[in-house]
Amino acid sequence: MAGRIQTMILTPRPTQTPSFRHRQLNFPATRTTAYSTRSVLFNCSRSISSPLRIRANQRPDQIDDNGSGGAKTLGKSLLNFADNNFLPLALIGGVVSGLANPTLGCLADKYYLSKFSTFAIFITSGLTLRNGEIGDAIEAWPVGVFGICSILLFTPFLSKIILQIQLQPQEFVTGLAIFCCMPTTLSSGVALTQLAGGNSALALAMTVVSNLLGILIVPFSISRFIAAGIGVSVPTKELFRSLVITLLIPLILGKVFRESFKGLADYVDRNRKLFSKMNAIFLSLAPFIQVSRSRSMLLMVKPSVFLVAVGMGVLLHLILLSFNVIAIQGFSTVSGTNQLASAKKKNATAYVLVASQKTLPVMVAVVEQLGGAFGESGLLVLPCVAAHLNQIIMDSFLVNFWLRKDLASKSAKAA
């Protein structure tokens, strides 16, 4: 019996558990307990140690975490880049879409989607317009008056310089000269000012007033600087009615909705970034439609000539930006206002962005009424389409630079 027990202890067979339990009843209690304890310890050590060795050697869970972590980091970086550069990406996307598939853009133009987008931008501007911002615009009335003078009286003098350039077709040069005499953009200046954190109420005031006064002043500017005294017929009544419908009425409606519904005002204030992105999407419809309309004519022009015209438009906008930056600095020094530095910065942001841009829709309406007096209408408008897109894209990157600079300065102060 002892030899038999020794043999079983030295050569246990854990896989045959039922037969072991059957034999266990025939042994003395002390020996059975010893055997059971050793057998259980032996089996537990095998069941615990084997999985641990597999995890230590293969580590599949860590490999999965590293792989998914890298993908999440890349995705987060791309989303942050798109969020920080939403407006320029939207505008560039509109240009590319218009070149790739002009059918949709022409269809949108057929159903006046560009007017709807301008209407929507000013509805949104009215919704986001706080009463305090209106007070800030009233306080900044000297800056507003100076901005309107810059838009309608100072910058049209650049058309005389542009006309000295020799380029074929000459309509490219004449078109850019007419472009200099235009009022500010109907929507992009306001949208960019809101994104930059500037005085949006001041930007709205300069936009509305300059475009309404521009109906009266633009014919005089074209006659003096471009037509050399030849009378030019401009559709004053039609332009005035169009601007009232697309600018003034939606702005008032948006403000009325904000003041009528308290919950709506609170919602808009909590989601101002969302409404800014909506404005950016509406704004991107303009280049999409304009490029779609001009694509066929663009393909007929020599690339080298068109690139020269594009370069002229870029240079024109850089000159306007430089002039207005210097002008507002000089004006702030001479006026000597007692405003806080933050208020001055907001007013200067609105002034530089709004006064440095020129509107394309008014220019197109004016050219259509000229009846070919200055050349082919399509060739007159084409370089201005490029200049209009360039100024919006350049200013969107400028706004993005300002926002990053402000963020860096705030982080440095917090540290």
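Glycine too: its Cβ is placed from the backbone N, Cα and C atoms.
The transmembrane segment annotation in TrEMBL covers 86-104 (among others).
Annotated transmembrane segment per TrEMBL: 141-163 (among others), in sequence order.
Residues 87, 117-118, 121-122, 125, 128, 151-152, 155-156, 158-160, 162-163, 202-204, 206-207, 210-211, 213-214, 218, 221-222, 225-226, 243, 246-247, 276, 279-280, 282-283, 286, 309, 312-313, 316, 349-350, 353-355, 357-363, 366-367, 374, 379-384, 387-388, 391-392, 395-396, 399, 402-403 of the same chain sit 6 or more residues outside the transmembrane segment (175-196) yet have a Cβ under 8 Å from a Cβ within it. For 175-196 (among others), the entry in TrEMBL reads transmembrane segment.
Residues 125, 129, 136-137, 140, 143-144, 147-148, 151-153, 156-157, 159-160, 163, 174, 177-178, 180-186, 189-190, 193-194, 233-234, 236, 239-240, 243-244, 247-248, 251, 346-347, 350-351, 353-355, 359, 362, 366, 373-374 of the same chain sit 6 or more residues outside the transmembrane segment (202-227) yet have a Cβ under 8 Å from a Cβ within it. Per TrEMBL, the feature transmembrane segment maps to 202-227 (among others).
Positions annotated as transmembrane segment by TrEMBL: 239-257 (among others).
Note on the transmembrane segment (305-328): residues 143, 146, 150, 154-155, 158, 162, 165, 167-169, 172-173, 176, 179-180, 298, 348, 351-352, 355-358, 382-384, 386-387, 390-391, 394, 398 of its chain, located 6 or more positions outside it, place their CB under 8 angstroms from a CB of the stretch. For 305-328 (among others), the entry in TrEMBL reads transmembrane segment.
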